[in-house]
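Enquirer: For reference, the structure I am asking about is given below.
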Amino acid sequence: MEKTLSTKDTTEFRDLSSQTSSDSTSKAFFSATDNYLPQRKLKPRHVQLIAIGGSIGTGLFVTIGTGLVRGGPASLLIAFTFWTVIILMLTTAVGEIVCYLPTASPFIEMAGRAVDEAAEFASGWNFFLVEAFYIPFEITACNTMVHFWRSDYSPGIAFAIQIVLYIAFNIWTVRWFGESEFILSITKLILAVGLLLFTFIVMVGGNPQHDVFGFRNFNISPFAEYVTTGSLGKFEGWLAAWAKAGFVCVGPEYLSMVAGEATNPRKTMRTAFKTVIYRLAIFYVGGSLSVGILVACNNPQLIASVTTGKTDASASPYVIAIQNLNIRILPHIINVVIILSAFSAGNSYYYCASRQLYSLAKRGFAPRFLCLCNGNGIPIFSVAITTVFALLSLLQLGKNSSVVLNWIVNLCTGGQLINYGWMTITYIGFYRALKAQGFDRRALPYRSWFQPYSIYIVTFFVWIQIFVIGYTVFLPGWWQVSDFLFYYLMIFVNIGLFVFWKLFRRTKFIRSKDVDLVSGLEEVEAHEKAIALEKDTQSDKWYDKALSWIL
């Protein structure tokens, strides 16, 4: 039987985490027992930057060019705007669950409470596999970005450095992860804002050529044709841009995963969810508008990069535009920040994968030893297993093994959208449970918009995206087994996981009136009381207050 925490227990864990002597630190690190739990050490400024930085990846700077080539600037802007609205509605819905029950992996745990235990099993393993296999992908992506300058070195050196840094940031204390992501996210934030400002400046003539080109590139081919010609070709171009938006515009999963280790989680997570939706809308919509302004969709260099599958900085629409404008230093600065973005993404995946594995073990869906934490609150064995996935990046050193790695990563990429599908199902179950049990949603720490209508809209379009995203493989002459598996294998994997657990444990769909909406709240409330007592005796540092206000 799972043990709940009293206020006394919470205080003991907090006191343990505050030990500073080398002996206690060593003991805390090397001992892992049931007596230790993850510690809430992520401050509001950490969570705010993780919320923004975790949703801004290399796709916004580099691979967005694929959507521009296939759809054209107008299709890209419309597709990104449309999908951003869907993602923001999903984010507010998941935020309602997370702020109500800010535990480890809250939106997946709620699937087991409000839908079916088999749903939690399937969605939990789906999320873990996606995050775990993205780690070696980002490690190799960083190495690819370095090739922008030179490639006469052993990539194994770069891989080893990244893996060691990931371990260092994630194995000692969650505060190290928070500080590392705080700094890395600031660099991504500066780049994203800087590129938006750069676009405006150069389009009005602030460039070495003094060319006031404005929206000239929108006039070339606002709606590009893809697969076929005519109106159907333009529609398929929009579908291709929409598909790219599905992978670039990241949802609420990364912000949600820090809820179990956030200080004063309900207040912290509520503020983060309220502010992140507007900022992401600016970056996603603004980013799609910017690349359409800067580069024509028929640019030979951009087309060549998309055709050959290049993913380094030379494939970035921003870098292509800068080179065309003869601005010499800026491409190198952008490449540095893109490398940091890829590194940050891998760091986030590393954290999310280890915490998701911890959550699976805690809930009985993985071996029990994986939920054991050391004295610093780190699920040490889950981190160790996650490190094994990071080591898969070394497969890139061999020609044949690198093909295997690429296949594994591509197969799991489709699971990202399926994760959103599980979120929609989970929220519907959560909403119905609140209604059936007489909960007043107005009393929730955070309330999402226009429910239940918005979640029905999100559900419809998310599942449409899941099934339509790879439609080209069914067109005459387009069939490839690898492409089919890339887009659709994870659907069958999730069905298999769900059916397996349902038959193995003979689980039943949970009726709304029987949904557990209470377990876990005691620990959260005890922590909030402890935080209130601490604030009565000590105040936050001035820079924490300043950064929290700015962010």
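The backbone N, Cα and C atoms fix where each Cβ goes, glycine too.
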Enquirer: Under TrEMBL, which of the candidate ranges 49-69, 112-132, 301-321, 511-531 is annotated transmembrane segment?
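Expert: My reading of TrEMBL: the transmembrane segment range is 49-69.
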Enquirer: Which stretch, 49-69, 333-352, 373-397, 417-434, tops the Cβ pairs under 8 Å count with the transmembrane segment (157-177)?
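Expert: Between the candidates 49-69, 333-352, 373-397, 417-434, the best contact partner of the transmembrane segment (157-177) is 373-397.
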Enquirer: Tell me if the transmembrane segment (333-352) touches the transmembrane segment (49-69). I count contact as 3 or more CB pairs below 8 A, with pairs 6 or more residues apart.
Expert: yes
Enquirer: If I take every residue in the domain 'Amino acid permease/ SLC12A' (46-509) and average their pLDDT values, what number comes out?
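Expert: Summarising the domain 'Amino acid permease/ SLC12A' (46-509) by its mean pLDDT gives 89.
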